């Protein structure tokens, strides 16, 4: 009898929840006829919750681990897109994700009247599951009254499932999804320009084709643009593992910068920016540069500021070019810490670049240097001499744009927007540091912080053999300085702290010696024990302690 009563209770409870679900679904469907935008915006999220199996692979952003028996097949599939395709295909297209926002972000209230947005996603031979998961995350986690359309720009994909199959599939989605086909492989930059030209939203939001938007991602971006239409905003970019598709929250304590080679890099948010925000981490972070894959911009302002440089090829450098242009021409660039979007970070690209990756990036970087970096372009050319050899085309239109917009000089950008830049404003020399005795050069060997500086045959190609002897008497290689903490070394590379101490060196232009002030020893040739690293020895004036600093008059 008790079992019978228990069964009736369970059945009644289950039936009640089914009826509640049906009622809510019908109720919110009817809200299409009402005026309350916020209620209507809940419909896609509600449907997703009702239909989802919360225990499936990858739910709540959990890692998907492939059994040992399938490892070989997994590795083969990995090569197609340079991420774990097998894991991705096991995960639901509308999988659940954790709410990774700061607690203060969860209670923020945004204005009712926000600008709407077109979401532009460029893809080339993208995997079905990652592309559709990107689209579903946009639709399911965006209020539909703010979502004008999703524009998919196909950059000449060759895979059949990305043609008619995709077109038929997106017809049934709840938000208008438009597919634009590029006639030939054109690259991210020109494909985005095509998508932007076709957009109708007041704001354009660019996303990569392997992203996942989280709860509340869109409103903070649009609210900031509503406050200032000349503000270009980026979400915090969370990490989706290319191996397991685990969703990992990104840090709100990093912002965008660049190194000597004009490679985008993440750096800790400086104290001055924390002070400006009065310690409130839910406020946007002013960032010198953006990663470039994910951002929102007022559509009219995008046109006014000069869209993208259409003379650049494929991708690479366009993010820094746009970052410099926005700041130098009166706009601002921010990371909105209450917005989170995940991105699959790959260790390698599965695509080829016409002419080779190096050629494309060198051309793009040369264009941005010629237009935006003023005299600092010469610093970059010493670091990367190969850039000077490429044909970078005509930049007269971009220079005219800069003149018409009355943009500020690059020195202003470094002093006011990016004072933490790794580019030394004053230096005595820039280039190789060559040992007179061995005719070898100091070389950072591509090593990281807290590793020994090396010495190697001089190659004259810049890169790892470019060091700057700064006006602060540091020996710098990018953001690392040569540091000696005890007698007889070793000489290691540490973050430059600008406090002199272990990083203070005196160069004697007559004796050609580099004396470490704290230890009162001189930089010397390698020992027999390790011929790949320089040593520290008592100063003797020998040829092995003599060093020639390239371009010694430059920057004095």
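Using the three backbone atoms N, Cα and C, a Cβ is placed for every residue, glycine included.
The structure displayed is predicted, hence computed values, not measured ones.
In Swiss-Prot, the Mn(2+) site is described by 208, 210, and among 340, 343, 359 the residue recorded at this site is 343. For the substrate site, Swiss-Prot lists 185, 315, 346, 351; matching the candidates 154, 155, 275, 280 against that entry yields 155. Swiss-Prot gives the label N-linked glycosylation site to one of 116, 140, namely 116. The Cβ of residue 522 (disulfide bond) lies under 8 Å from the Cβ of 513, 514, 515, 516, 536, 537, 538, 539, 540, 545, each on the same chain and at least six residues away in sequence. Within the domain 'Ricin B-type lectin' (428-550), the DSSP-based counts of helix, strand and coil residues read 9 helix, 51 strand, 63 coil. It is 338 that, of the disulfide-bonded residues 105, 329, 338, has its Cβ surrounded by the most other Cβ atoms within 10 Å. Cβ proximity to the Mn(2+) site centre (mean Cβ of 208, 210, 343, cutoff 8 Å) flags the following additional same-chain residues: 130, 134, 207, 209, 211, 240, 293, 294, 342, 344, 345. In sequence order, 83, 126, 127, 130, 131, 134, 240, 343, 344 make up the list of same-chain residues 6 or more apart from residue 210 (Mn(2+) binding site) whose Cβ falls under 8 Å from its Cβ. Under DSSP, residue 338 (disulfide bond) is assigned to a strand (E or B) in the three-state scheme.
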